[in-house]
Amino acid sequence: MLLHFTKMHGLGNDFMVVDMVSQSLRLPPEKIRRLADRRFGVGFDQLLLVEAPTNPDMDFRYRIFNADGSEVEQCGNGARCFARFVRDKKLIGRDRIRVQTAGGNIELNIQSNGEVSVDMGMPRLDPEQVPFNAQQRSVTYPLKVEGQVIEVSAISMGNPHCVYRVDDVHQAPVETWGPIIEAHPDFPRKCNAGFMQVVSTDEINLRVFERGVGETLACGTGACAAVVAGRLQGLLDETVKVNLPGGSLFIYWPGEGSPVMMTGAATRVYEGYTRL
Ligand SMILES: N[C@H](CCC[C@H](N)C(=O)O)C(=O)O
């Protein structure tokens, strides 16, 4: 069977996007892993499926699978590409798109300059919502890593994030501590490990070792989680430029009780077919 797909990226965080409204098939985890392989398959960080909604108030259902085949709750860079995909494919005729995801409903808005703004919903800050093993909520928590105890923030954007502040992202132990934090027992559903350098009150540098993938060139939910962490620590303003290895995002979060807004680019690379 031939599967039609579109290859896209959000600041280098790359996706295989499949319209499951007009075609439908089952993709078991081992098949997703094969498709994700950058030598034997298409190659991607995440697979994004565009489906009809089960919630009548939504325009689409958005399912997200990491390269390891795991289905996850949310993907920020993918959401922007989702908007570009459904608009370009004329699956919807307007620029405001309501999307149902496993991590909560989000709203996508295509801007006149082609960038996409996403209402990513409220950050979840109680440990049991992340989930993170802690007796009570705190701005930061101690986490034991390689015999050291570091202070981290634990935040969910629908998916779990650990944010660790460093002096310089280029010197951060992403390769060594990333996999340890990702699989840390204090994060029962694992986590995305963010390494955040505060440049100023309105700018940070960020690298993310993503759950189920490894380090990516950008992580949208990671950027949201890092700004929420920085604001709760009193380090950041409401609007922050987040510099990731693949490019910059703008995140706006006024504070608790408000959703996190993310704005950035979404790029289509090519259309393709692959044999299943
Ligand atoms: N690896 C993430 C999903 C993709 C998130 C990222 N690509 C984004 O742009 O938010 C997780 O397992 O929760």
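Note that Cβ sites are derived from N, Cα and C of the backbone, with glycine treated the same way.
Taken from TrEMBL, the feature substrate binding site applies to N13, Q46, N66, G76, N77, N159, N192, E210, R211, G220, T221. Positions annotated as active site, proton donor by TrEMBL: C75. TrEMBL lists C75 with the feature active site. Here TrEMBL flags C219 as active site, proton acceptor. Sequence annotations record features per position, and here TrEMBL assigns site 'Important for dimerization' to Y270.
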Which of these recorded positions has the least crowded Cβ, counting other Cβ atoms within 10 Å: N13, N77, N192, T221, Y270?
Y270
Where does N77 (substrate binding site) sit in the DSSP three-state scheme?
helix
Comparing the active-site residues C75, C219, which residue's C-beta has the most other C-beta atoms within 10 angstroms in this structure?
C219
T221 (substrate binding site) falls, by DSSP collapsed to helix, strand or coil, into helix
Pairwise CA distances across N13, Q46, N66, G76, N77, N159, N192, E210, R211, G220, T221 (listed as binding substrate) top out, in Å, at 16
From the recorded positions C75, C219, Y270, pick the residue whose C-alpha lies nearest to the C-alpha of N13 (substrate binding site).
C219
From recorded positions C75, C219, Y270, the one whose Cα lies nearest N66 (substrate binding site):
C75
Around the substrate site recorded as N13, Q46, N66, G76, N77, N159, N192, E210, R211, G220, T221, what other same-chain residues have a C-beta within 8 angstroms of the site's C-beta center?
D45, I64, V72, Q74, C75, G78, V208, V213, T216, C219, G222
Can you name the residues of this chain that are 6 or more positions from R211 (substrate binding site) yet have a C-beta less than 8 Å from its C-beta?
N66, S70, V72, N159, P160, E182, K190, C191, N192
Among N13, N192, Y270, the recorded positions in the record, which have a C-beta under 6 A from ligand 1?
N13, N192
Around the C-beta of N66 (substrate binding site), how many further C-beta atoms are within 10 angstroms, looking at every protein chain?
23
Roughly how many Å lie between the Cα atoms of N77 (substrate binding site) and the residue listed as 'active site, proton acceptor', rounded to a whole value?
6
In whole Å, how far does the CA atom of C219 (active site, proton acceptor) lie from that of the residue listed as 'active site, proton donor'?
8
